[in-house]
């Protein structure tokens, strides 16, 4: 189990005037020197504000981009600190070269962003010397960046071994949601796994068949599974060389009592793009010059019926080429079904991954899911059943 801000705030010594190192994910998209999407900044607000309101000197640790262990003005966190101040509606300072003296003169209740942690060559190597130098800046360590928890870096893992370590509010919410989805879920459990290639989610699929009751496969990877079953998928994206792997996953699912759901009707087209001519066909009627770009309406209706029998859903990846209408139809329809079931209180729904978040936002369903994780690699590794260094290091 891990300690949270509740444990830190309840500490009998109090937080007033104490420097607290807080790892956040401020790796935000920029356009012409300005933050173009402040989602991650808003996610950081609850932890930073709560600590500052209790009088702590809040020192924000974060990375931005890939400066490769060198100081590079292109990747400075200074403009992101300004954007964080705008989002929070309170002053946020910035320290380019922090030392304990500079921190000692900060005001209690202040929030200060420290320069890009990846400017240090030892950050990504989890260098113990750098870890000790950073630990000397604070009295406590809070990790609020689940999205970076799959990295064993100084600011995500090393500091947790040198200072009293706690999970921030966003990290706490992520871990509780993930535990509800696959740790100790209420059955029946369904998993929707989409995306283009089986090869990128092989470990995910292998792990899930032993944990869920229904595995719904969509996106380009469904073509690989259909082909492994002898279906001619035309010129669809398909990893034919993974037929044996797909069949091994079918066998593992059968042994575990997991039902694998593949589309039996699909939307096909002869070219890839928005609003191109298309038709719905049985999977056995795909022509040689056609490609599968979405799940068909009949299959989506059947999948919706499956979700209505389930108590828990975990979702990663779209069912079709949702960026190009009308091949967003299946993803939108199933997402809205899941959202409605969640609103009714019959389904706990957890989703994650960049494309997944974009797809759910496109469907107008994200706000109704029980939890939507903005983490990419960390969410995927969690679905693979891997131990995340940034989480493991918080366990007491």
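The chain as shown is numbered from 1 upward.
From the backbone N, Cα and C atoms, a Cβ is placed for every residue, glycine too.
TrEMBL: automatically predicted annotations, no manual curation.
Residues or ranges marked as substrate binding site in TrEMBL: 25, 26, 27, 40, 63, 64, 65, 66, 118, 151. Per TrEMBL, (2R)-3-phosphoglycerate binding site is recorded for 40, 118, 151. The ATP binding site feature in TrEMBL is assigned to 201, 323, 353, 354, 355, 356.
Positions of TrEMBL features highlighted on the structure.
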residue	record	DSSP (3 states)
25	substrate binding site	coil
63	substrate binding site	coil
151	(2R)-3-phosphoglycerate binding site	coil
201	ATP binding site	coil
323	ATP binding site	coil
353	ATP binding site	coil
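Spanning the listed substrate site, residues 25, 26, 27, 40, 63, 64, 65, 66, 118, 151 have a farthest Cα to Cα distance of 18 Å.
Note: the CA-CA distance between residue 354 (ATP binding site) and residue 65 (substrate binding site) rounds to 16 Å. Taking Cβ-Cβ distances under 8 Å and a sequence separation of 6 or more, the neighbours of residue 40 ((2R)-3-phosphoglycerate binding site) in its chain are 24, 25, 26, 27, 28, 147, 374. When Cβ atoms from all protein chains are considered, those within 10 Å of residue 354 (ATP binding site) total 12, not counting its own. Around residue 65 (substrate binding site), a 10 Å sphere centred on its CB holds 14 further CB atoms from the protein chains shown. The least crowded of the binding-site residues 63, 151, 201, judged by other CB atoms within 10 A of its own CB, is 151. If you compare Cα positions, residue 201 (ATP binding site) sits closest to 151 out of the binding-site residues 63, 65, 118, 151. Rounded to a whole number, the C-alpha distance linking residue 118 (substrate binding site) with residue 323 (ATP binding site) is 33 angstrom. For the binding site of (2R)-3-phosphoglycerate, formed by 40, 118, 151 according to the record, the largest Cα to Cα distance is 18 Å, rounded to a whole number. Cα of residue 323 (ATP binding site) to Cα of residue 63 (substrate binding site): a span of 29 Å. Minimal Cβ crowding within 10 Å, among the binding-site residues 25, 323, 355, is found at 323. Taking the C-alpha positions, the distance from residue 353 (ATP binding site) to residue 65 (substrate binding site) comes to 18 Å. In this structure, the C-alpha atom of residue 151 ((2R)-3-phosphoglycerate binding site) lies 12 angstrom from that of residue 63 (substrate binding site). The ATP site in the record is lined by 201, 323, 353, 354, 355, 356, and its two most distant CA atoms lie 20 Å apart. Note: the CA-CA distance between residue 63 (substrate binding site) and residue 356 (ATP binding site) rounds to 23 Å.
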